[in-house]
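All remarks here apply to the structure that follows.
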Amino acid sequence: MNTKKRIFFTGGGTGGHVFPGIAIISKLKELDTNIEFFWLGQKGSMEDNIIKEHEYIKFIAIPSGKLRRYFSLQNFTDVFKVIFGIIKSFFIIKKYKPQIIYATGGFVSSPPIIAASLLRVKSITHEMDLDPGLATKINSKFASKIHISFKESTKYFKNKNVLYTGSPIRKEFSNPNPNIITELTQNTKKPIISIFGGSLGAEVLNKLTLNIKNKIDAYFIHQCGKNLDATRENNYLRSQFFNAEEMASIIKFSNIIISRAGAGAIKEFASAGACVIFIPFVKGSRGDQVRNTKILEEQNACLKIDEENLSESQIIDMIKEILTNKEKFDILKNNIKKFHNQDSSNLIANLLLKDFEDINAS
């Protein structure tokens, strides 16, 4: 019997499919020092670059292709990548013999989950968004359990072993350091407006920031992705990426945040009680960010502007209204907190430890 505790995590494509897994791993590492952690993802990918920063997680590259809902010539080649990914995952699992495989989303997560099913290895897939993406729909047919971030997602997984766990957030968000944002903004006394383009960067938000930063009396923090260079100007700081400690401080202590509406970002904003204006990503997506935002809008927990209707004047007016209307500001901040499950990382980690116990006892 394999008594060494090993767990494979898999997921990627964006930071929103990686950071929740890291949050779970951090909690597991804190609770049990005798677990080996592995991450299966694509070489040179977002997940590869992020996992490299965590020396206690072994990264193993697997091939995978994107499964599209629309016609594309790439579908013909990507289906073979998925098959190769399943085959490689099969032999990796046989070699390392993990007791559990945990998927955090993205197309790279499907081959390991399918391979785990073939080898009768316990597997769990976690859907971060309100409604499941294609990868999770596939994973749910093979996984032992399904974890969901929104209670409302239960309806998509009828006759399945589904558990509402919330979405794990990075440990740095539990106690943000106010000194960090003070240093980043050079101790500004102006309102702080932070604009995030997501882990891949968003051209529309980058252009928006450059167009409005000199039209509002505020300090702008701009996370731009890799398509722009980092810079610091008067009342403006731009960086391609901020580390977890910086992001936690920026989100907690900014007056207003303007962002895409990925599920991971929403949960981090909720943990901080942030005042957020969402500009959901629509083009080329399944509309998950629109639906993520809709459920917050219904609870008066955010403001939203559709990208197709986005204009400088509209966003400027919205920012000015928030900065001058304390009642509205407070309502938005208080209502978004309702979407934060404080014990999510701890809950999932303890569930996994119980799974280890059950597996080793059988």
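Cβ coordinates come from backbone N, Cα and C, glycine included.
Keep in mind that what you see is a predicted model, and the values were worked out from it rather than measured.
Under the DSSP three-state reduction, ARG170 (UDP-N-acetyl-alpha-D-glucosamine binding site) is assigned to coil, being neither helix nor strand. Over all protein chains present, the Cβ of ARG170 (UDP-N-acetyl-alpha-D-glucosamine binding site) has 19 other Cβ atoms lying within 10 Å. According to Swiss-Prot, the feature UDP-N-acetyl-alpha-D-glucosamine binding site maps to THR14, GLY15, GLY16, ARG170, SER199, GLN289, an assignment based on sequence analysis.
With respect to Cβ neighbours within 10 Å, the binding-site residues THR14, GLN289 differ, and THR14 shows the lowest count. Ranked by how many other Cβ atoms sit within 10 Å of their Cβ, the binding-site residues GLY15, GLY16 place GLY15 at the bottom.
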